[in-house]
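The structure under discussion appears below in the form of structure tokens.
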Amino acid sequence: MSKRHLFPSLEGLVPKALRGIVASNPRLNLDETNRVVFDSESPRSIVSIISGGGSGHEPAWSGYVGSNMLAASVAGDVFASPSTKQILAAIEAVPSDKGTLLVITNYTGDCLHFGLAAEKTKARGHPCRMLICGDDVSIGKAGGSLVGRRGLAAQIAVLKVLGAAAAQGASLDELYDFGTAFADQIVSIATTLDHCHVPGRTEHGALDEDEVEIGTGPHNEPGYRKLSPAPSPEALVKQILTYCLDEKDPERGYVNFSPGDETVLVVSNFGGMSNLEMGGLVDELLQQLLADWNIQPSRVYAGCLETSLNAPAFSVSVINISSAAANSTYSLDQVKAFLDVRTDTAWEAVAGSQSNPQRRPRADQIVQPPVEEKKVIDDTEDLKIDAAVLESMLRSACAEVIAAEPDLTKWDTVMGDGDCGLTLETGAKALLEAVDSRQVAARGSVVEVLVELEDIVEGKMGGTLGGILGIFFVSLRTAVQENNGLAQTEGTTAVWGKALATAIAHLSHYTPAKVGDRTVMDTLIPFANAMKSGQTFEESVAAAVRGSEATKMLKPRLGRATYVGVGADSSKELPPDPGAWGAMVAIRGLLSGV
């Protein structure tokens, strides 16, 4: 697997790529600050469909913005979900009188950030629903009992039919129900010859020359199993189709295929497969589908639908569109018509040729988001401490988080997609910049610092950890404002105890994680409980340290770590949970700065 790249670093690459992507379609605009690509001609009279996720999967999702498909897309950092703030900017960019449907793949970070954006949108009085798509059969029903099936490239077919239905006037609820019925009839699995290489990173996880990995994810996650020696193409395809179509498999019999059912075959190139081999793969799939399963797909879509940078890998999906129609209000002919409706998006690369209309001037396509007004903090709702101490605590915490980044990245690469360390480092550097350039600690205002942290997390920190911290800091800031009066009667510790307990309770509405699940909650909950019980700050920090240390002995129960890397093998020694450790380092750093 080549580690060479035209761009040797990810620095600035995502916005640069988005500028290049919108150049090919004169309908598209780019909110570069929020990494939102949107259709400048999206009508208010139809439901706005929005999707998105981490970068590195292009053309997903910016490539699917246009007529009869997405109204907007939003891009996070490479392999990390976009932030809540970014998603809200996408929703505001394409207002609709009929509501907004967010359609995402089933990854924890995406679910958290898009879910919070949906809740905020509904709270503002705008109809909004969220559809979560999961089609991967490799995890199995037992392994995915809590997290569900993760999403692969067949979600693009869901976006295609929903976009066409929306253009014909379907309501928000009709689209949600149809999308659910369609997504439920998909089975998929991915296979890789090697993992992708992320520009600027040293971890790679290369496979041996005579290995193939089956059940891989699109974020460099290790697969369900390694096959060594590598099977022949014919034997590999046989295994792939058996995993997808064997209805007697108690772990993977997700979809029933009856004689005469019409189906769709979707084959996505992860970015590193040659077109020559992709053609051969599609041919072998079609041969075995007919010979072994009596299935003749009525539609075949093959190409780079959702990639994983330069990975020499692919995913295979089979969709039972007869059952999808039977479980929806649309006929089979209507479902096929939705698939056939032309767009001006990257979908046409797998469905047929498209024209290339005259480009618009770049200045017309690159737009700036509205400037947000600075939040005014009421002194009666603020909590003040010595400004010099506050600044010292923040600088110490940020410095320790930045120093821990290499270890956090290494551990998260073993357990997941490797974004935890960089996510926390991004937040720490942004907070230091705010301390230096805007003097956010100069007044000794705790609420001002928490507001700054909210903005940093929502605007710059994607991924699962960013989603959890975003909800946590919003709740913590609100609770500090509501309980700051306790400082006069019971002391500052009482304010923090009450506020932290409230924030943890609110966070429980969005994640089922508890102590013992090997997540960031193994640090946050013991810390909050200690503060709530009246223990000193030093004692509470010690509780956080013990909680993070304990994750070395815990088997993952939630998130990607439940089915990838050493987390899926209980016989191997585990590193500490990166999120729990990173949170502990930050909390311990606050104490060091006192």
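Placed from the backbone N, Cα and C atoms, the Cβ positions cover glycine too.
Given the structure is predicted, the values throughout are model-derived calculations rather than measurements.
His219 (active site, tele-hemiaminal-histidine intermediate) counts 25 other C-beta atoms within 10 Å of its own C-beta, drawing on all protein chains shown. The active site, tele-hemiaminal-histidine intermediate annotation in TrEMBL covers His219.
Long-range Cβ proximity for His57 (substrate binding site), meaning a same-chain Cβ under 8 A and a gap of 6 or more residues, is found for Pro218, Glu306, Thr307, Ser308. For Gly54, Ser55, Gly56, His57, Asp110, the entry in TrEMBL reads substrate binding site.
What TrEMBL records for 9-350 is domain 'DhaK'.
What TrEMBL lists as domain 'DhaL' is 388-592.
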Worksheet item: Could you state the CA-to-CA distance between His219 (active site, tele-hemiaminal-histidine intermediate) and Asp110 (substrate binding site) to the nearest Å?
Response: 13
Worksheet item: For substrate, what surrounds Gly54, Ser55, Gly56, His57, Asp110 with a Cβ no more than 8 Å from their Cβ centroid?
Response: Gly53, Ala60, Ala75, Gly76, Asp77, Val78, Phe79, Ala80, Ser81, Pro218, His219
Worksheet item: Across the record's substrate-binding residues Gly54, Ser55, Gly56, His57, Asp110, the largest CA-CA distance in angstrom?
Response: 15
Fill in: Within the predicted model, mean pLDDT of the domain 'DhaL' (388-592)
89
Discussion item. So if I measure Cβ to Cβ from Gly54 (substrate binding site) and keep only same-chain residues at least 6 apart in sequence, which ones fall under 8 Å?
Written reply: Ala75, Gly76, Asp77, Val78, Phe79, Ala80, Ser81, Pro82, His219, Asp419, Gly462, Gly463
